Amino acid sequence: MTSAAAANSPVDGVLATASIVLSLLVAVWALVAAVRHRPPDRVQFIGLGVLEVALLVLSVLALVAVGGGDRPGEPGAFFGYLVTLVCLPPLAWVLARMEPTRWGSAIVCAVCLVAPVVVLRLQQTWEVLGG
Amino acid sequence: MVETRPAGRATNAGPGRLLIAVYLLFAIAATSRAGLQIATKFDEAPVAYLLSGVAALIYIVAAVGLARAGHTGRRVALACCSVELVGVVVVGILSLVDKELFPDETVWSQFGSGYGYIPLVLPVLGLIWLWRTRRSPA
């Protein structure tokens, strides 16, 4: 792809950065809860919900960009990461609901630490050829 | 809702559920990566990609074993964690000694450094957890 495509990466912007920051904030909050022997609280579930909405919007933006003719550098990996990413908050949600102990908070923390990594990989797999 | 606990403590509650969550994450990561590699560029590094596939399979079976709890689940999880530990150590050493053997990264290359060494820690935590939840001798 051209470098112009990379410059207009749909997964590298305010929303992506906000998702990463939000995910890390939820991770820290959940970690504190886990350390204090607290089960997942409303803040964690609301955080997961907002994170999921942000990630879904990010996915729609990416799909719109693809529909508009832009192509990720590594399409297979990109869409793999995209599908994985939007599944992470629901996974944390379900497991946290099943485990109303400190370990539920630990699960939310773990998943919210993985999500930012996946967002970064998403950005890398979009830009790999555009440089 | 009903959980069966025939042998020892359940492996699928408390810290075990966190372990299952991490195993699930690795199952997803390894499966999609291996699937993609095998589907698109298998000829480049068949050994590495087949290994990725095997590792992915083991993560899935380990997660299921821990989640199922019970006697069979424990034995399945025990086998998976053992194979994982041996695999990550052997592949880790081989990938350092002979780089040509694994021209492309696998989950276990360099002791899982590409994944924050979690592939090395995970089976150890799994074995500790299985030991902690074993049936106490009457």
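Backbone N, Cα and C define each Cβ position, glycine as well.
TrEMBL annotations: computationally assigned, not manually curated.
Distant neighbours of the transmembrane segment (B:50-69): 3-5, 10-12, 16, 19-20, 23-24, 26-27, 30-31, 33-35, 37-38, 75-81, 83-84, 87, 91, 102, 106-108, 119, 126, 129; these residues of the same chain sit at least 6 beyond its ends, with a Cβ under 8 Å from one of its Cβ atoms. Taken from TrEMBL, the feature transmembrane segment applies to B:50-69 (among others).
Long-range contacts of the transmembrane segment (B:76-94) within its own chain (CB-CB distance under 8 A, at least 6 residues past either end) are made by residues 11, 51, 54-55, 58-59, 61-62, 64-66, 68, 101-102, 106, 108-112, 119-120, 122-124, 126-127, 130. Annotation source TrEMBL lists transmembrane segment at B:76-94 (among others).
Annotation source TrEMBL lists transmembrane segment at B:114-131 (among others).
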